[in-house]
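Features as listed in Swiss-Prot:
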type	residues	note
BINDING	Cys101, Cys106, Cys121	[2Fe-2S] cluster binding site
BINDING	Cys193, Cys196, Cys199, Cys260	[4Fe-4S] cluster binding site
BINDING	Cys203, Cys250, Cys256	[3Fe-4S] cluster binding site
BINDING	Trp208	ubiquinone binding site
DOMAIN	51-140	domain '2Fe-2S ferredoxin-type'
DOMAIN	183-213	domain '4Fe-4S ferredoxin-type'
TRANSIT	1-28	transit peptide
Amino acid sequence: MAFGLIGRVVGTKSSRLSTAARLIPARWTSTGSEAQSKASTGGGGASLKTFQIYRWNPDNPGKPELQDYKIDLKDCGPMVLDALIKIKNEMDPSLTFRRSCREGICGSCAMNIDGCNGLACLTKIESGSKETTITPLPHMFVIKDLVVDMTNFYNQYKSIEPWLKRKNPASVPGKEILQSKKDRAKLDGMYECILCACCSTSCPSYWWNPESYLGPAALLHANRWISDSRDEYTKERLEAIDDEFKLYRCHTILNCARACPKGLNPGKQITHIKQLQKSG
């Protein structure tokens, strides 16, 4: 798939976030050595698994590296997030990553696992001796280790004004604006988005135009409000994104659909917006 580890850019113009534009081959470090040594000599039916994890510290801004950690899968939960938590708690407290709900709801633990974007809490650890490589979301500025800067992503989401807009307020202030079951069903496949950024950071068009192309996530939410029967700014919303870069950088590669942990298809929603632009 096109959103693997090749050609990743994890640098930034800011000196605080400065990183190299390539990954360094994994090498052993002394951090957590005691716990790793204990695991590697676990004997008695231990099922050892090596995790290669991207490390970069802004307080020591050299080249990033992949660091090896070995854990016993028999003493670990089944998900990649379980392994990360075990490593942080028992081997290396300096390892930094985002996580919260552990249920695929918050989207915090989005990262690149063995070349594919996904949520660590929903990705099962593959059995076998092959190493599992964990890196930050592709083509995002790295803050530290697996934590990326989501500022631009959230600003793009904010730019599509993701809230109900009315020209005619409800007759009774505070009264709910109703819609039919049929109109409500039109929002399926869009409202479930958790803004994890797996789709946008898997998109080659977004890699090369992150400042101008809104990306799959923001455009999916744009269509969510364009399709909402209660919203009265459909024309204005369409005009706001009728732009060569904001909308039409999408070339229907559909990496976004393959990467989405919720099974959504942003490419389909973007196509719907393009069709409305033509018919409008």
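Each Cβ is built from the backbone N, Cα and C atoms, and glycine gets one as well.
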Q: Measuring Cα to Cα, tell me the gap between Cys193 ([4Fe-4S] cluster binding site) and Cys101 ([2Fe-2S] cluster binding site) in whole angstrom.
A: 15
Q: Give the helix, strand or coil assignment DSSP yields for Cys203 ([3Fe-4S] cluster binding site).
A: coil
Q: Pick the one among the binding-site residues Cys193, Cys196 whose Cβ has the fewest other Cβ atoms within 10 Å in this structure.
A: Cys193
Q | Nearest of the binding-site residues (Cys101, Cys106, Cys121, Cys196, Cys260) to Cys203 ([3Fe-4S] cluster binding site), judged by Cα-Cα distance | A | Cys260
Q: Count, for each of the binding-site residues Cys101, Cys199, Cys203, Cys250, the other C-beta atoms lying within 10 angstroms of its own C-beta, and report the residue with the smallest count.
A: Cys101
Q | Structural state census, the domain '2Fe-2S ferredoxin-type' (51-140) (DSSP three-state) | A | 14 helix, 27 strand, 49 coil
Q | Listed binding-site residues (Cys121, Cys256, Cys260), ranked by Cβ neighbours within 10 Å, top entry | A | Cys256
Q) Counting each residue once, how many in the domain '4Fe-4S ferredoxin-type' (183-213) are helix, strand and coil under DSSP? A) 11 helix, 0 strand, 20 coil
